[in-house]
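**Student:** Input: one structure, supplied below.
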Amino acid sequence: MLRLERRAHPSTLMMFASPLIAAVCMLITGYLLFILLGKDPLHAFWIFFIKPLTTAYGIGEWLLKATPLILCGLGLSIGFRASVWNIGAEGQLTMGAIAAGGVALYFHGVEATWVLPLMVCAGVAGGMAWAAIPAFLRTRFHTNEILVSLMLVYVAQLFLGYLVQGPWRDPDGFNFPQTKMFTDAEMLPLLVDGLRTNLAFVIALLLVAVSWFFSHKMFAGFRMQVSGLAPAAARYAGFSEKLNVWLALLIGGGMAGFAGMAEVAGPIGQLQPTISPGYGFAAIIVAFVGRLHPLGVLLASLLMSLLYLGGETAQMNLGLPSAVTGLFQGLLLFYLLAADIFITFRLKSHSRPMEQVRPVDALLPEELI
Amino acid sequence: MSVEQLIPIFASTVAAATPLAYAAFGELVTERSGVLNLGVEGMMLVGAVAGFAVAFHTGSLGLGFAAGMFSGVALALIFAVLTLSLQTNQVATGLALTLFGVGLSAFAGRDYVGVTLGGLQPLTIPLLSDIPFFGPLLFHFDILVYGSIVALFALQWFFGRSRWGLVLRAVGESPASAHAIGYSVIGIRYMAVLFGGAMSGLAGAYLSLAITPLWVEGMTAGRGWIALALVVFGTWKPMRVLLGAYLFGGVTILQFYGQGMGIHIASQLLSMLPYLVTIFVLVLISRNPKTILLNQPMSLGQSYYPHS
Amino acid sequence: MNIQLSHPRLELRGITKIYPSVVANEKVDLIVYPGEIHAVLGENGAGKSTLMKIIYGVTRPDAGEMLWENREVHIESPAEARRMGIGMVFQHFSLFETLTVAENISLALDTPMASSELAQRISAVSEEYGLPIDPHRLVHSMSVGERQRVEIVRCLLNRPRLLIMDEPTSVLTPQAVLKLFETLRRLAAEGCSILYISHKLDEIQALCDSATVLRSGCVTGTTSPKQETRESLARMMIGKDLPHCQMDTRTPGEVRLKINQLSLATVDPFGTHLQNIDLEVRSGEIVGIAGISGNGQKELLAALSGEQPAQQSDTTHISGTAAGKLNPAQRRKLGLRFVPEERLGRGAVPSLSLGLNALITGSDSSMVKRGLIDHSSVRVFAQAVIKRFNVKCGGDKALASSLSGGNLQKFIVGREIMFAPKMMIVAQPTWGVDIGAAQLIRQALIELRNQGVAVLVVSEELEELFMICDRIAVIADGRLSPVVAAVETSVAQIGLWMSGEFTQDNSELAHA
């Protein structure tokens, strides 16, 4: 009989291997799924994972879609490390887009260089403000931030719907629920002509480095990590719990808000009822698959972005439903959580060999004895 | 507004409240065993699509509801294996379950978008349903509405009087103690999680088979999360959870009757109400941390795996 | 004694239990006769609790056999153990705080009983054995001593033929210990065998007919403790003579910590309110606070450390500065250092390395420069602690969770000492720690005192307090007794105070 047994030390190998194992398991499931749907699995794989990256345009799209995932994923992973469960990045992204869009509409036609930076500030501030609600309610009234941040996603989306169908609707837009198109001065500059990848991707890469510096080099980042790993130890050390919650939510909200700004001032170019295919939720998966580490988040974002892109290509070329993307994303996280077990545990058969035994002096958890 | 006009409002309040009540009852049992399953939304969605699909193909609503429950159990089983046998983080796994459920239901439901079928009809109870005013008001509901009332009393009996209810509470308070005196903590938690899955699946099927009756992608619109909030709001007590569900049912239907009642606010803003009210009641209930500390199962959200 | 003539009630042969990183029991033999009070003696970590869990069916052995009344048995669960007639009173009780006494007891009964009948039987048994409890009370409202009675009554209702008591006296006053012994002797006289787990030599000599001594998971001897000396028992237990602390008399210096009329309402719904606490700790003295757990120690320590700051700042003075409202980090800046009772999860983060664990209370040191972590000085510091306090571990990169209780405690105490405190507060300095480490920690605290540091020790071990303290006070129900010189008081008086019988003295003192 097999059973789980705690390892004497967490396995570093598994820490790196488990995202890969999860990705492989996801691919195997995908293989079976494609067979089930009556597609040639290898061809489908090619369409899904390779074809999108065979053109420069495709690579541009890949990085473009990775950008909001990197931004939201970085912010969430800083929060999750601190055990602050902000799952409302989608709402914060929406509010960031609304705030940035509001600035763009207010200064519509003002062809000045300061408009775009102002939009960035507004986007960050919008996301932060939305995240400040759960932060305030948690620190002041002990209200669970999971539920509040999630409820605010629906509120933000309805608010966006209200704006684009009501006060902010483009009067010349044939009654479509959308705002005016932003002017060039209100759009993020493109990196390469002909591709839609814009400056936000570069900023996202910079923020990967900044996040790493914050989490691994700064005492403030260490403080948040301790708060997440052992709240009692954080209290004992005198780290403020309120500060922890505020920082975690504001950082997450700010990054998500910027992601929203980058969407509307990038590929979309206006406000619409829907501005994100669930980037804020997918970023939760990104954060976990990326091991809550900035570099991991970058890699996980690229993988998740490929899933979005592959889903679209597969829909066009194979007639597969685009919902396959969501399915793959969910599966990926499940497999990761399962594979993660083997970081701290290993499978053992019930008959035990005698190696690995250390003298009593170095024993493990004392409650065992 | 005449008194008779209240009847349909009351009826739709009850209809909107019933799936919330089922999902919250299920989560209540799960949480009382010490397990926090944030996957209610995902299980409801999968329950909704499975129920709709089976009812559509078999023509049997009963089979549809059974399929809804069964698929909820199947998803809950994934959650249980991960969190109970493999000891993954309950919060992360619950979120994963919801994200997976959203994806799976959208994928499985793609052929059923825009299809309609005859929904669950109200029962006509001889004599009682014919009483003027009160008949239509109280005795003109479908069987699952009455079922939710039965479930309330069953839960109250279970927690208050039955031995297994006592065991469940004990496991939720101190799994280590329960293990030490010889109860199978993992086994009991499995049961509680699977029950939660069945109830969530049923709640989802109720949405797609009784209320709309339609399948629409993402049709739960956060009801699973509201059910989670209801358990907190009801301080883990069945009666208060049900009352909370009716309160939310009322808020939810306000948007449909708002215009008729002369409230001229954009529909999107009215639709925000259930979510804003959820936040409001959560603040209200958690304002005093002792309320939560005294009522919340003490081991909620913490993994437990017996050493042996 | 004629009990030896009958068949053994329980016999263990070659019981072995191996955990991934440790051999908890190795080829353990043990024989208990009917009506015998049999001690299982060993220091912390010797494998006593694991052995008891095996007998009670909580844990299964990897090798060896177990004979119950001459028949080989494999006990698969506690329920099966209970059916056979084995009862166990756990050191950390297996009670449910939100349930009533009767509900708690019914959970451990294998045949359900009507609640009225159950209440009646509880009252009957508790009266018969002098263990008064009210079946309808909620457990969280009871003291630890009362909870232990619930555990014992719960066992007695199953009419056990073997009762396992795991370190039962750590939650009792010396007077209550004597009453417990009476109850146990009565049970033994009725033919019930008792396995008495302890590391307290005096108790075992006073109570037990025979003893099996464990060291590092192995049996080092079986003996009759009444015919042994304290020293010979200790040698069997730890393999050498009991160490003694070196402590000279000293005249204390200026007041470093002054608590003035501190009252604090607890945030824990099941906690204890602190009421009008007055206390002074001077440079160069060790003050001990005794008391049964759950009498406000947790709350007092949180108030002193700053984890639960007071409403008024003048209730606490650290080196003359009003500090009542300061948080732990601010109090550390004033030179106050604190070692909490819980090592894993509070004193140290289990999943972080020892290096990073040194950093959690080291933000004011050279390990942090302008908000940035200096990882090399973190390592140097952690290595220095490890070396100076003889912490057995895999270096500064070892995770805190990989250390034994004693070694982690040495690390945490050492860490705080290395930050050169002016005032040191230590909670349960040697709880769950092996004797070697306990000795090192106590001696380190004495040295701290000799260097002129003010030291406050909160402990449930009276013996320890008398060993290292200059002055002793007792906390009971959130109130603090007068502080008396250790040489001018006795275990008996402190024991009386532990049950709260000092309020009279206190008011006399106030009026004087």
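Including glycine, each Cβ sits where the backbone N, Cα and C put it.
Quick paste of what TrEMBL says about this protein:
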- B:6-23: transmembrane segment (TRANSMEM)
- B:35-56: transmembrane segment (TRANSMEM)
- B:62-84: transmembrane segment (TRANSMEM)
- B:91-113: transmembrane segment (TRANSMEM)
- B:133-159: transmembrane segment (TRANSMEM)
- B:180-208: transmembrane segment (TRANSMEM)
- B:214-234: transmembrane segment (TRANSMEM)
- B:241-257: transmembrane segment (TRANSMEM)
- B:263-285: transmembrane segment (TRANSMEM)
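Could you tell me the structural context for the features on the list?
**Tutor:** Residues 40, 44, 133, 136-137, 140-141, 144-145, 148, 151-152, 199-200, 202-204, 206-207, 210-211, 223-224, 226-227, 230, 241-242, 245-246, 248-250, 252-253, 256-257 of the same chain lie 6+ residues outside the transmembrane segment (B:6-23) yet bring a C-beta within less than 8 angstroms of a C-beta in it.
Long-range neighbours of the transmembrane segment (B:35-56) within the same chain, counting only residues 6 or more positions beyond its ends whose Cβ lies under 8 Å from a Cβ of the stretch, are 19, 23, 26-27, 63-72, 74-76, 79, 83-84, 90-91, 93-102, 104-105, 108-109, 112, 115, 117, 189, 192-193, 196-197, 200-205, 207-209, 213-215, 218-220, 222-225, 227-228, 300-301.
Distant neighbours of the transmembrane segment (B:62-84): 35, 37, 39, 42-44, 46-48, 50-56, 90, 93-94, 97, 100-101, 144, 186, 189-190, 193-194, 196-202, 204-206, 208-209, 303; these residues of the same chain sit at least 6 beyond its ends, with a Cβ under 8 Å from one of its Cβ atoms.
Here the transmembrane segment (B:91-113) has Cβ contacts under 8 Å with residues 36-46, 48-50, 52-53, 56, 75, 78-79, 82-83, 215-218, 224, 301 of the same chain, all six or more residues outside its ends.
Within the chain, the transmembrane segment (B:133-159) has long-range Cβ neighbours (under 8 A, six or more residues past its boundaries) at 3-4, 6-7, 10-11, 14-15, 18, 21-22, 25, 28-29, 32, 65, 120-125, 165, 168-169, 202, 206, 210, 238-239, 242.
Taking Cβ pairs closer than 8 Å, the transmembrane segment (B:241-257) reaches residues 9, 12-18, 20-21, 24-25, 28, 148, 152, 226, 230-231, 233-234, 267, 270-271, 273-274, 277-278, 281 in its own chain, all 6 or more past its ends.
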